[in-house]
Amino acid sequence: MFNRRKFIKLSAAGASLATLSKYVVAKPLPVAGKLPIVISTWDFGVAANKEAWKTLEKGGRALDAVEAGVRIPEADMKNHTVGRAGYPDRDGRVTLDACIMDEFGNCGSVAAMENIAHPISVARLVMEKTPHVMLVGDGATQFAVEQGMKREKLLTPESYKEWQKWLRKAEYSPVMNIENQQKRPGGKYNHDTIGMLAIDSKGNISGACTTSGMAFKMHGRVGDSPIIGAGLYVDNEVGGATSTGVGEEVIRNVGSFLVVELMRQGLSPEDACREAVNRIIKKKPEIAKKIQVGFLAINKKGEYGAYALQEGFSYAVCDAKQQDLLIPGKSAYKDEKKDK
Ligand code: ASP
C-alpha cells in the first residue's frame, strides 16, 4: 500500500513513479471546489479518486464514480484492510462489509459477506435489484452469485501467514492508523476503510464505503462501514459523510448521519466532523484516547473537511484543479503511538 513515508523515500530516490511525485500534501482548508469533485479516506484514496474521476470528468453520475473508485482498493492485493486481500477474522475467514447511497436516498449494503471480492458492487445490486437495504453473511454471497459474481477464495497466502502469527497470542488489539503502523514488527493487525463521497457535474451526491473491518475480529462482527447512517450517509440537499476507525464508537453515535445533520444546521464540514468526534470523546473518554476514528464530509457546495480522534488520518481530494491532493486530517489527540 502506498503511504507517506514510502512516498518521501521514493521521491528522494528520484523514483520513476511519475504519478506519485505529483501528489500534493496540502493544509486542510474548507475549499469550495468547482464541481465535480470526489474525496475519500486515507492515502489509498488518491488512486481510488483517480478512477472515480474518469466517470466524473465525462459528466457521469456520482454513483457510478464512487462504485468504480472504491473497487480500486478492493482489488489491491497489497491492501489488507479492504476487499479481496483483507485480513481475516479470528477464525481465518475473510468477511467483507460495504454500503452505497445515491442522490435519491436509495441505499444498499452487505455485511459479513465471504468469497466475493467486490462487496461494493454487491451493495449496489442490493440497492437496485432487491426491495431490501441490507443482506448479510451467506445470504449476501448467495445473492452475489445469483447476480453473476464469481465465488472465490479470498484468504491470500500473506493474510494466512499473518493470521497464523496472530494465533500464537490471539490478542485482539486494534492499532491506530495502519499507515503509521504497517512497517512495525507486529503492527499489521489493523483496520482502515475507504469511504468515498462524490458530487457530479449535475450537483448530485453519492457515497460508498467498503472494508474488511477490524483484522482478527470475532466471526460475525460487523462494524460501522456497511451501516447506513454510521459508516456512510448522503442527503442530496445537504451533503455526505463517511467514517473510518473503530466502528463500534461510530455506530454508538450514528456518526455519519450526525455529521450530515450538523451540516444541515449550518456547520462547515470540518466543524460537523469535529462535533461528531467530540461526541465520542464525551461518551467514552477512556476509550476515545486509545482508538482512532475519523470522519470526512462534503457539503452541497463542494466544501469538504475532516476531523479525527488521533493524528495520522489523511484524506484525498480530486477535482478539475487538483488530481492528487492528499490532506492530513486535524485531530483531537496526538497519536502517542505514532512512529518515533
Ligand atoms: N470502520 C471499520 C470497522 O470498524 C474499520 C476501519 O475503518 O478502520 O470495521
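Yeah, the Cβs are placed from backbone N, Cα and C, and that goes for glycine too.
Taken from TrEMBL as is:
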- Thr193: active site, nucleophile (ACT_SITE)
- Arg221, Val222, Gly223, Asp224, Thr244, Gly245, Val246, Gly247: substrate binding site (BINDING)
- 1-26: signal peptide (SIGNAL)
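Taking the Cβ of Val222 (substrate binding site) as reference, residues of its chain lying under 8 Å away and at least six apart in sequence are, in sequence order, Asp97, Ala111, Ala112, Val136, Gly213, Gly247. Residues from the recorded positions list (Thr193, Arg221, Val222) with a C-beta closer than 6 Å to any atom of ligand 1: Thr193. Across the residues the record lists as binding substrate (Arg221, Val222, Gly223, Asp224, Thr244, Gly245, Val246, Gly247), the two Cα atoms farthest apart are 16 Å from each other.
The Cβ of Asp224 (substrate binding site) lies under 8 Å from the Cβ of Ala230, Gly231, Ser243, Gly247, Glu248, Val250, Ile251, Gly255, Ser256, each of which sits 6+ residues away along the same chain. Using a 10 Å Cβ-Cβ cutoff, Thr244 (substrate binding site) registers 32 neighbours. For the residue listed as 'active site, nucleophile', the same-chain residues 6+ apart in sequence whose C-beta sits under 8 angstroms from its C-beta are Thr41, Thr81, Val82, Cys209, Thr210, Thr211, Gly223, Ser225, Gly231, Ser243, Thr244.
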